[in-house]
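According to TrEMBL, the feature transmembrane segment maps to B:40-62, B:74-93, B:99-119, B:131-153, B:179-198, B:219-249, B:261-280, B:292-312.
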Amino acid sequence: MRPVLILSLAMLVLAYVALAGGREWLSPGQVWAGLWNPDDFLIQVLRLPRVLLAIGAGMALGLAGALMQGLTRNTLATPDVIGLVQGASLGHVLVLVAGGPPLWGAVAGAALALALVSLLARGQGALAFVLYGIGVGATAAAATTVVLQRAPDAQVAQAMLWLSGSLSRADMATAGLLWAAVAVGLLATLGFGRALSTLWLGDELTLALGINPARLNLLVLALVAMLTGAAVLAVGPLGFLAFTAAPLARAVTGAEPPALLPAALMGACLLVLADLGARLLAPWVSLPTGLLMALIGAPYLIFFLTQDRRGMMR
Amino acid sequence: MARLSPLWILAAFGAALLLALALSLRFGAAEQGWADLIEARAFRSVCAMAVGAALAVVGLLLQRLTANPLADPGITGVNAGAALATIVLAYLWPGAGGLAFLAVASLGAGLAGLALWGLAGGSGGTAALSLRLPLAGLAIEALCLSLAGALILTDAEMQARYLRWLLGAIPMVPRHETAALLAIGLALVSGFLCCERLELLTLGAEQSDSLGKKPGQTVALVLGHVTVLAGASVAIAGPVAFLGLLVPLVAQGLARGNLRWAYAFALPGGAALLLLADTLGRVIARPGEVDAGIITALLGGPALILVLRRMLAR
């Protein structure tokens, strides 16, 4: 329970700083008043939706990453590395251009990418799974750009911003949709907690504990597709968040794997932090949040590879 | 099936190149008044051919040297290193000439190659190197490209010049490409002369040594060509992905292990493929354009999956 408390506290502190901070710093009293005053433009329209979106998307991606890492027992097999995030963004823009419900497009894209990678890599080991995923992700990302370039101009301008991973389009409707998905994910995590915590132990042990591994797998994969799709819909194809959240949460708090809730909270902390960074830098240079996330995540991947020299990733 | 003579295959590649060139001159984003556009398209076609041939040869040489069919200048992060170096130079010294850009881009390619060697190699042996390579490359690429992206976004003029270049775009109007084009021409000729040494080396270091060709010298020669060709191609068109994976795969298959024939096939093959990618990108999103780097990335996923399937089947 302690890791969850520590990270919840950190998330609340960061959320407060994100509400107070920016081009104009607010005092605690002003933040509190703004939260309860529906006419406060700065808090209600600009900052609160962004913070809610960052927390929701961070939780969704952190949880999805921890679930995938648990299911595959492979640190690298997270939605952003194995192409699910890119598949979700392709599905989203296809549905956007054709004119349908965008959430289903993103979720279906993530699910299709997951099915494709699983099919390709069946029985070929952990690393093959990751590498096929990189291939699927590269093509899906390129296809997303092609679809957007062919779309009418007004849509392109909007979607290009989204594509680089930006929270500046934040609105309450998207945040609501995202939070609904996160709520389902968190409830499932709590409800199936005992079964899910056997993920890292492997199929034999799961069977011995009287849990049906096939059904557990299906549940986890469905959750991952839903969470990834919702997060991508809200904040665009953010790289490295799902990959870094769970290992970082374990390193900071010493939580035992699969550390699902700590990973979700750490994801929220990371994204709120990256978005706050993007906003604080904005007077000098306007960097998309996704780019800041890559600047945090890529060094971690390098660190991981140096640590893993003799490990599983042969 | 009767074996085709290599000369016939080469003639077929040449014919494909001529056809691609004709298409590239004829079709573009703008349809009317194409007589005026032919001069611009001629320059663009020359750039596409040079970059395509250079990247195909870089891929071929790297794959032979490391005995790893995944060694593509994009996947290894070598192109991304060259791109970051180019952007840093453009940021610090906007008025730099073509020769300076060529030298700095080649330096960046070399440094990225060194980093890759450290990250992917190590104590794991060659088997580990083969599948760790794309992961290490992904880390280097993500870090270099997001740093380059951050630098580009600081400045409006840098954005206009380099934002599309960063994903791989053939230039429309001459900027400072002459030095790089000349370097590619020279390096492609002298690279052909290294083929015999490289073939000797791949037979075994001792045989090579006893025939008077020092293995260390051969490695240095080949790596020198790789850095200059990769640096020059990035200086012209940015980090174009996956071309060096796809073309050598086909060329080596058709040449049945003969490096000099594979080299001869890769030259027109790479040139024709990038010309076609550039032409396709100009046609599919009229009046806009999809950059050639996006089209090659679209082909890249399937190519990566194909190569992986062959590697894992062994």
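Every residue gets a Cβ built from N, Cα and C, even glycine.
Where the transmembrane segment (B:99-119) meets the stretches B:40-62, B:179-198, B:292-312, the count of C-beta pairs under 8 angstroms peaks at B:179-198. Counting Cβ pairs closer than 8 Å and at least 6 residues apart in sequence, the transmembrane segment (B:179-198) and the transmembrane segment (B:219-249) reach three or more and so form a contact. Cβ atoms under 8 Å from those of the transmembrane segment (B:40-62) belong to residues 17, 21, 24-25, 28, 68, 71-73, 76, 78, 170-174, 177, 180-181, 184-185, 187-188, 191, 194, 198, 222, 225-226, 229-230, 232-233, 236-237, 240, 243-245, 247-248, 251-252, 259, 262-263, 266-275, 277-278, 292 of the same chain, restricted to positions at least 6 beyond its ends. Tallying C-beta pairs under 8 angstroms between the transmembrane segment (B:292-312) and each of B:74-93, B:219-249, B:261-280 places B:219-249 first. Residues of the same chain lying 6 or more positions beyond the ends of the transmembrane segment (B:219-249) and with a Cβ under 8 Å from any Cβ of it are 47-48, 50-52, 54-63, 65, 69-70, 72-75, 78-80, 82-83, 85-86, 98, 101-110, 113, 141, 145, 162, 164-171, 176-177, 180-181, 183-184, 187-188, 190-191, 194, 197-198, 201, 262, 266, 269-270, 273-274, 292-293, 296-297, 299-300, 303-304, 306-307. Within the same chain, residues 58, 62, 100-101, 104-113, 115-116, 133-134, 136-141, 144-145, 147-148, 151-152, 154-155, 158, 161-162, 166, 226-227, 230-231, 233-235, 238-245, 300, 304 sit at least 6 positions outside the transmembrane segment (B:74-93) and bring their C-beta atoms closer than 8 Å to a C-beta of that stretch.
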